[in-house]
């Protein structure tokens with residue numbers, strides 16, 4: 001009886017569990033593709049309380065990833081004609097309407113067809129599902145960055161120092177508030193270098209950037225509806 005108990009204890013404490021040599025494997029690659037890390041978990045220890053981990057790192061694909069950034073994006077399928085036509089038609093309609101508004105505002109020396117709104121059209125119509133196309137991001141960034149441009153001009157006046165400070169502050173504002181909207185970064189530079197906008201002062205935070213975005217949001221809804229329902 002004692003011999004059987006002793007043999008049973010040896011079986012429980014000394015026998016290694018029959019786990020495969022490679023129990024799991026995960027591959028971790030950095031966003032810039034500079035390093036690829038493979039984690040391989042080895043067999044369990046004899047006491048069954050811990051396992052060993054072996055990390056194998058390789059940078060053999062770093063060069064391939066770098067050059068892939070200079071090639072067109074590999075997508076599962078090419079865009080259809082409707083995916084190209086409707087955003088382009090939306091951009092045409094947006095600039096045409098803004099141009100008509102310019103004719104009404106011409107006596108006041110104000111223009112709605114500013115360059116940043118062209119970039120907003122590209123974001124809203126071509127990439128409507130990206131973070132930069134979110135309405136919250138767009139309006140907070142437009143208003144905040146425009147106000148930063150006015151403030152920088154009032155402190156430093158025209159010149160490279162005002163432009164550099166305004167752009168740096170605009171990027172910091174968007175990152176801190178998590179409202180990154182790339183077209184808004186050009187609003188401070190537009191105000192500092194555009195003499196015809198200086199008379200707006202802090203009204204520039206709302207007009208023409210934020211006001212123009214209201215129209216573009218309305219056109220975006222039409223473009224998205226046409227893309228989803230009229231395909232060819």
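Glycine too: its Cβ is placed from the backbone N, Cα and C atoms.
What TrEMBL records for 78-226 is domain 'HPP transmembrane region'.
Sequence-distant contacts of the transmembrane segment (107-127) (same chain, six or more residues past either end, CB-CB distance under 8 Å): 86-88, 90-91, 94-95, 98-99, 101, 133, 138, 181-184, 186-187, 190, 196, 199-200, 207-209, 211-213, 216-217, 219-220, 223. Residues or ranges marked as transmembrane segment in TrEMBL: 107-127 (among others).
Residues annotated as transmembrane segment in TrEMBL: 139-161 (among others). Long-range contacts of the transmembrane segment (139-161) within the same chain, counting only residues at least 6 positions beyond its ends with a Cβ under 8 Å from a Cβ of the stretch, are 169-170, 173-174, 177, 179-181, 183-185, 187-193, 198, 201-202, 204-206, 209-210, 213.
The annotation transmembrane segment is assigned in TrEMBL to 167-190 (among others).
Summarising the annotation, TrEMBL assigns transmembrane segment to 202-223 (among others).
Using a Cβ-Cβ cut-off under 8 Å and counting only residues 6 or more beyond its ends in the same chain, the transmembrane segment (202-223) has close neighbours at 86-87, 89-90, 93-94, 97-98, 110-112, 114, 116-117, 120-121, 124-125, 128, 133, 135, 138-139, 142-144, 146-147, 149-150, 184, 187, 191. Under DSSP, the residues of the domain 'HPP transmembrane region' (78-226) split into helix, strand and coil as follows: 124 helix, 0 strand, 25 coil.
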